[in-house]
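Peer 1: Mind looking over this structure? Questions follow.
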Amino acid sequence: MAREQLEVLSALDAAKTQWYHFTAIVIAGMGFFTDAYDLFCISLVTKLLGRVYYYRAGSLDPGSLPPNVAAAVNGVAFCGTLSGQLFFGWLGDRMGRKKVYGMTLMCMVLCSLASGLSFGSTPSSVMATLCFFRFWLGFGIGGDYPLSATIMSEYANKKTRGAFIAAVFAMQGFGILTGGVVTLIVSAAFRAAFDAPAYQDGAVASTPPQADYVWRIILMFGAIPALLTYYWRMKMPETARYTALVAKNAKQAAADMSKVLQVDIAADSKDPADDGGPDRNSFGLFSSEFLHRHGLHLLGTATCWFLLDIAFYSQNLFQKDIFTAINWIPKAKTMSALEEVHRIARAQTLIALCGTVPGYWFTVALIDRIGRFWIQLGGFFFMAVFMLGLAFPYHHWTTPGNHIGFVVLYGLTFFFANFGPNSTTFIVPAEIFPARLRSTCHGISAAAGKLGAIIGSFGFLYLAQNQDQKLVDHGYKAGIGVRNSLFILAACNFLGMGFTFLAPESNGISLEELSGENDDETTAPAHARTVPV
């Protein structure tokens, strides 16, 4: 590595924590706040969509989305996210982090607004329009994953890098929480303005025409936080690591960082590309050298994220059991449409407040003390243990009087997912790959995770149906049941523990040491062990 490059990167690694570090966390974190809000708010309004657009005259129960429509409405954003992670991850390494960062944000803003304006003369056409815009919304969200993680890792010093990246990801918890709060406020306002009877007391009147505005307002609100941060994203300079190592302009990197960080970086005008000798670190993603140095690392990060998201996103299967068990949500026919939305939002807000948000911030507080490896390994282990704790005595938990224990174990699986692999699978891929491939490899890992999310959300939605056809949800076929599904999900967590050993511990090590970019030899760096000591 050229001397000019080394000076810039060493200064960044040694820089004290400054105000701009926190500014960068907020700028990148608000993107993740928006991501989480947009991805998870749809689950709050799917029941309302069913009542508004799929009313069945004479039915004893309110209208609901058909299984294929429900899968499309909930899942199309995940498909877009997967595509966006791959495309923008690659583009971030080709064009630079800053240039692409604004594209993803504007895509989210425009598609959030367009989702709320979904139009059509029939229910099918409204749902088709909604799915179209939700796909492109997911596409923009997908780009935020590799870019936010990579930008934060390349700005941070090596001492607190893990906490900074985790803090960006932790904004996801606030996004989920805000989705619930916004839904509570909007539904409460409409309930106060447009009083409606329960479905069993007046089927048509239980869903006032104004209810169609509720879901639209909730979806469109996601554009506001993204729009507020657009200006600041455009003001961020390109990361010094990209400018120095990929664009090969150490002088510009030093100048950019001196504008935002209080660091004294000296870099002369000599072009580091003329340093003499071939660049031993110029191998590509599909080269044998990358396979030798980082093949197992990429397999580890991608597989762990895939297995985690199967288990993490499948947990929404059990929310209806919990909500019903503790009387947070009565039977649908005993409520009006707006009351049902309000109760669903209240329940999910409490879950986010008690189980989801704390786990993220435990990771922020402890990741640079105990390391990524132990947090991820422990998270997978405890998720598996608590899922088995739900599965073995499942009949016991679902009988009256035993629901509190079920709720506690369920909440702990969320806690250890977030104080565990849900955070670390986002952090590690942003640290261990070379700068010119960092965004691409993070995008690949994240896309593997979203594939797991699709399987967890929809494959298990069908698989976990009751084994007795008479007891399955309307429109579904018999499956293996929730209990057997929990055993499969526990097995996924145990597999995740095994694949955790393929990625190196990155705590306290510079990005260039981790990726081998400051090595003169072509052999893998000695520190790239898979088990911490």
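From the backbone N, Cα and C atoms, a Cβ is placed for every residue, glycine too.
Just so you know, TrEMBL annotations are computer predictions that nobody has curated.
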Peer 1: Need the matching range: TrEMBL marks transmembrane segment on one of 296-313, 350-367, and I'd like to know which.
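Peer 2: It is 350-367 that TrEMBL annotates as transmembrane segment.
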Peer 1: Using Cβ distances below 8 Å and needing 3 or more such pairs, separated by at least 6 in sequence, tell me whether the transmembrane segment (164-193) contacts the transmembrane segment (100-119).
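Peer 2: No, the transmembrane segment (164-193) does not contact the transmembrane segment (100-119).
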Peer 1: So, taking each listed stretch (100-119, 125-143, 213-232, 373-392, 443-464) in turn and counting its Cβ pairs to the transmembrane segment (69-88) that are under 8 angstroms, which one gives the highest count?
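Peer 2: It is 125-143 that shares the most Cβ pairs under 8 Å with the transmembrane segment (69-88).
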Peer 1: Counting only residues 6 or more past its boundaries, what in the same chain has a CB within less than 8 Å of a CB in the transmembrane segment (443-464)?
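Peer 2: For the transmembrane segment (443-464), the list is 67, 71, 74-75, 78-79, 81-82, 85-90, 92, 142, 145-146, 298, 301-303, 305-314, 316-317, 425-426, 429, 476-477, 479-482, 485, 488-489.
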